[in-house]
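Look at TrEMBL and you will find D8, S9, Y40, G41, N72, T73, T182, H183 tagged as substrate binding site. What TrEMBL records for C71, C181 is active site, proton donor/acceptor.
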Amino acid sequence: MKKIAFFDSGIGGLTVLHKALQIMPNEPYLYFSDAQNAPYGTKSSKDIKKLVFDAVDFLIQQDIKALVLACNTATSVAIKDLRQQYNLPIIGMEPAVKPAVESAKDKKILVCATDKTLAENKLKLLIENLNATTKVEQLSLQELVLFAEKFQFDDPKIERYLKEVFSGIQWNDYDSIVLGCTHFPYFTPNIRRLLPPHIRILDGHTGTVKHLQARIVPSTQTSPSPIQYFCSKKASAAKHFEKYFAMLNQQVSL
C-alpha cells in the first residue's frame, strides 16, 4: 500500500506528522529525517536544494502516494522546483500568517522562523499579498532548532534565550505569534510561560494536513499501521523519534 511520506531536516516534521495522525489516523506513513545535514536554516539555497532533491529521490523509491515537505525552510527554498520535477502531490508548510492577520484587528502579528525562511521571498510575498507588511513583524528563533535536535526542552538556557530574543517587544501591541518552523511547536509550553494571556500561538500544521487530506485518495485501512522511519544519521531511528511523539502526546493531554 502506498504511503504518505513526511520529510524534514531533523525532528521538526514529527510535529506535523503528529497532527496528521490525529486527523487521518488510518493512513500509512513514513518519515525521513535528514539529521546528518541538519539544520537547514543556516545553509545556502543551493545546498538546501541538493539535500532536498537527494532525499526526495530516495523517498520516491519507497513507492509513496504523496509527500509532505514538513520543513518551512525546505518549503521556502525547494518546493517550486520539486513540483516541476515530480508527478505526485507535494504539500509544503505555510506559516499561519493569513488566519493570524484576519483575526488580529488593529493588533500586530509576530512571525517567528529560521534565518533562511525569513530571508526567502516566499514568506515576504505571502505577507505582501495579504497587504500586511505594516502589521507583521518577524523574529528569528534559529537556536530553538538546535535545542530540539538535542532533545533539550527543560534546559534553563531555553528560557534565557527566549527572554533575550523577546526583550523589548511591547506585547500589548500584538495579537498573536505565528510559529514558522516545524521545530518550534515543541517549545509552545516554554513560549506560553513568557507571554501575556491574550497572545495566541498559531502554527500552520492543521492547514497543511487538511490540504494533504484534500489531495490524496483515502486509505481503505480501518486501523493505524506502524510508521516507517528513515534517518540519514541513525541506523535505528524508531526509538529516537518515538520519544518526541511521547512529548507531543503529553502536550495534547495538558
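Yeah, the Cβs are placed from backbone N, Cα and C, and that goes for glycine too.
Just so you know, TrEMBL annotations are computer predictions that nobody has curated.
Note that the coordinates shown come from a computational prediction; the quantities given were computed from them, not determined experimentally.
Candidate active-site residues: C71, C181. Fewest other C-beta atoms within 10 angstroms, C181. In sequence order, S9, D34, I48, L51, C71, T73, A74, V77, T114, K116 are the residues near Y40 (substrate binding site), counting only same-chain partners six or more apart with C-beta under 8 A. Excluding the listed site residues D8, S9, Y40, G41, N72, T73, T182, H183, the same chain places G10, G12, G13, A38, P39, C71, A74, T114, T117, V145, C181 with Cβ atoms within 8 Å of the centre of the substrate site Cβ atoms. Note: D8 (substrate binding site) has non-local neighbours L14, V16, Y31, F32, S33, D34, A70, C71, A74, T182, i.e. same-chain residues 6+ apart with C-beta under 8 A of its own C-beta. A gap of 5 Å separates the Cα atoms of N72 (substrate binding site) and C181 (active site, proton donor/acceptor). When the Cα atoms are compared, G41 (substrate binding site) and C181 (active site, proton donor/acceptor) turn out to be 10 Å apart.
A simple way to gauge crowding: the CB of S9 (substrate binding site) has 30 other CB atoms within 10 angstroms, across all the protein chains here.
For T73 (substrate binding site), the number of other Cβ atoms no farther than 10 Å from its own Cβ, over all displayed protein chains, is 33. Around the Cβ of T182 (substrate binding site), the number of neighbouring Cβ atoms within 10 Å comes to 32. The 10 Å shell around the Cβ of N72 (substrate binding site) contains 33 further Cβ atoms across the protein chains shown.
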